[in-house]
Amino acid sequence: MEFSPSLSLSRTLSLLSPTTSSSSLPPFSSLSHRHRHRHLQRQRQRRCNLSRSSCLPPAIQLSSSSKDDDDEEMVEIEFEEEEEEEYAEYEYSSLDVDSLEREAQLAVQEFSESLSRQMVIEDERSSPKEVQVKDKRRKNTSKNIPDHLLPKVAIVGRPNVGKSALFNRLVGGKRAIVVDEPGVTRDRLYGRSFWGNYEFMVVDTGGVLTISKSQTDLMEELAVSTTIGMEGIPLATREAAVARMPTMIEKQATVAVEESSVIIFLVDGQAGLNAADVEIADWLRKHYSDKCIILAVNKCESPRKGISQASEFWSLGFDPLPISAVSGTGTGELLDLVCSGIKKVEGPEYLEEENYVPAIAIVGRPNVGKSSILNALVGEDRTIVSPVSGTTRDAIDTEFTGPDGQKFRLIDTAGIRKKAAVASSGSKPEALSVNQAFRAIRRSDVVALVIEAMACITEQDCKIAERIESEGKGCLIVVNKWDTIPNKNQETTVFYEEDVRRKVRALSWAPIVYSTAIAGHSVEKIIVAAAAVEKERSRRLTTAILNQVVREAVAFKAPPRTRGGKRGRVYYSTQAAIRPPTFVFFVNDAKLFSETYRRYMEKQLRTSAGFAGTPIRLLWRSRRKMEKSDGSFFMK
């Protein structure tokens with residue numbers, strides 16, 4: 001093979017041609033004076049090396065050419081690193097921050113809408129008409145008066161007369177479970193209602209059973225099962241719990257009547273008058289004659305027919321009013337009578353708009369002690385506690401003030417069983433109760449996931465944990481019935497926590513609290529931990545601190561290169577939302593950041609900035625390469 005000077009010349013020209021420069025390199029005019037000088041020095045050095053190689057023998061020339069190729073690749077890699085350094089001098093100081101912040105807000109909104117479409121709860125959708133009614137009712141609220149200052153209106157009556165349907169009609173929405181079965185409602189359920197300039201609290205109660213019934217009749221009346229979810233409880237204990245259920249329900253109804261200034265005595269117009277209605281009327285007249293008692297005859301859909309249906313109830317000693325909780329017939333006249341029996345509450349002059357009150361939902365499997373925790377916190381029998389599985393049906397809201405004076409809204413929920421188990425049982429109330437529990441998670445700020453100490457973490461607990469994380473709620477894990485663990489020592493808690501962390505990876509950031517609710521041991525730690533979680537969930541990082549954390553994380557571990565030599569680069573980051581903390585990263589290409597690297601970035605954020613007890617969202621937005629125009633850098 002003969003030496004050809006023309007080959008060396010063409011190669012030299014091709015290397016010096018502008019087309020050979022990498023498309024990823026910035027324009028020469030955009031480089032600083034220092035980088036221009038280095039660039040020109042490398043170009044001259046390359047020309048000298050090529051001119052010397054043209055005088056060498058062909059064999060040496062080929063080896064020298066391959067070395068030049070390697071040197072060229074090294075030069076391009078070094079130049080790319082210098083390019084990154086050049087951009088880093090400007091990307092945090094000369095960006096259009098306002099536009100990026102607006103785009104970050106838009107990214108959070110799009111993510112929230114997408115997430116809400118994915119996290120669908122069965123039977124959740126409200127019609128546009130219902131939404132308009134709710135918005136109108138909210139606008140009519142002149143002052144945000146705390147619940148405990150409002151007058152209360154109790155709805156009482158025998159089972160299955162439509163108390164929960166009337167409750168939903170008055171408060172607006174589907175707060176109470178409505179099923180054509182007796183004994184569905186058991187605890188007191190509160191809701192705010194508005195009528196004209198009046199505002200008051202409506203209390204839904206369970207059916208009052210005053211007639212003696214046999215054990216079989218009670219179980220049939222209340223639709224209570226002594227088998228589902230109660231396999232580990234002796235049969236005698238189950239039957240005794242069922243026998244006590246009516247007394248517990250009546251006790252809850254009695255408390256509601258005593259604290260209310262107006263009582264709506266609801267009867268069934270289609271079923272007619274019966275002995276239970278007479279006994280309830282005598283009970284109200286004997287003990288609560290000083291209160292305003294309104295006799296409402298429900299299920300009178302036809303106004304003409306309703307008059308004849310209501311006439312049958314004159315013998316109870318009250319003026320009957322025909323209404324229909326389903327269609328709304330007569331509810332306007334009912335509300336007029338209610339408002340005539342209550343005093344209009346004017347908020348104190350010093351009372352400003354009520355501060356944000358965090359909601360804490362208590363969730364978990366059946367019979368783990370959720371209602372016991374609520375009762376231990378509030379210091380009263382707010383909800384019924386029984387070994388009967390599925391005692392709690394509705395999501396029960398209760399106001400609570402912590403030791404430091406901070407207010408919370410506690411939400412007790414029904415036990416969440418596996419979807420297949422609920423479907424196989426064929427119980428419609430249980431299915432609706434599970435939906436109510438999911439809604440409680442959605443409208444809460446912090447979720448207390450209660451597990452049983454002896455059972456530890458089950459598969460169902462992991463599914464509930466995944467739901468909590470997906471909803472973006474703060475969370476703490478409450479290990480209840482801690483006293484049942486035998487032979488505890490100092491290492492027991494450490495080993496137990498390691499086991500919980502290993503099994504519930506979705507909540508690896510959640511604090512763990514150990515309690516015995518039935519004895520009132522360590523329940524106050526639940527509120528302390530929940531308050532700390534809520535503060536972390538509402539915390540906001542400044543943009544300067546956030547970008548410093550991100551720069552240090554990238555410097556410690558840069559995004560990996562692809563096979564094509566591309567590497568992800570972070571231009572700018574900002575916290576766009578709280579509850580949960582949501583961060584938006586503006587990068588050159590979101591696809592260049594693998595899931596592993598995104599988890600690494602989340603871990604670095606938690607290590608450097610905290611956020612214990614709350615999930616954090618990292619959103620990645622792709623932007624084109626930064627270029628220089630009019631002396632400042634911008635995003636294409």
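Glycine is treated like the rest: Cβ placed from N, Cα and C.
Automatic, uncurated: that is what TrEMBL annotation is.
Annotation source TrEMBL lists compositional bias 'Low complexity' at 14-31.
The compositional bias 'Basic residues' feature in TrEMBL is assigned to 32-49.
Summarising the annotation, TrEMBL assigns compositional bias 'Basic and acidic residues' to 122-134.
Summarised as a single figure, the pLDDT of the domain 'G' (152-299) averages 76. The domain 'G' annotation in TrEMBL covers 152-299 (among others).
Per TrEMBL, the feature domain 'G' maps to 360-481 (among others). DSSP states for the domain 'G' (360-481), grouped as helix (H, G, I), strand (E, B) and coil, give 44 helix, 31 strand, 47 coil.
The domain 'GTPase Der C-terminal KH-domain-like' annotation in TrEMBL covers 540-621. Residues of the domain 'GTPase Der C-terminal KH-domain-like' (540-621) grouped by DSSP class, helix first, strand second and coil last, total 32 helix, 21 strand, 29 coil.
Taken from TrEMBL, the feature region 'Disordered' covers 14-52 (among others).
Residues or ranges marked as region 'Disordered' by TrEMBL: 122-143 (among others).
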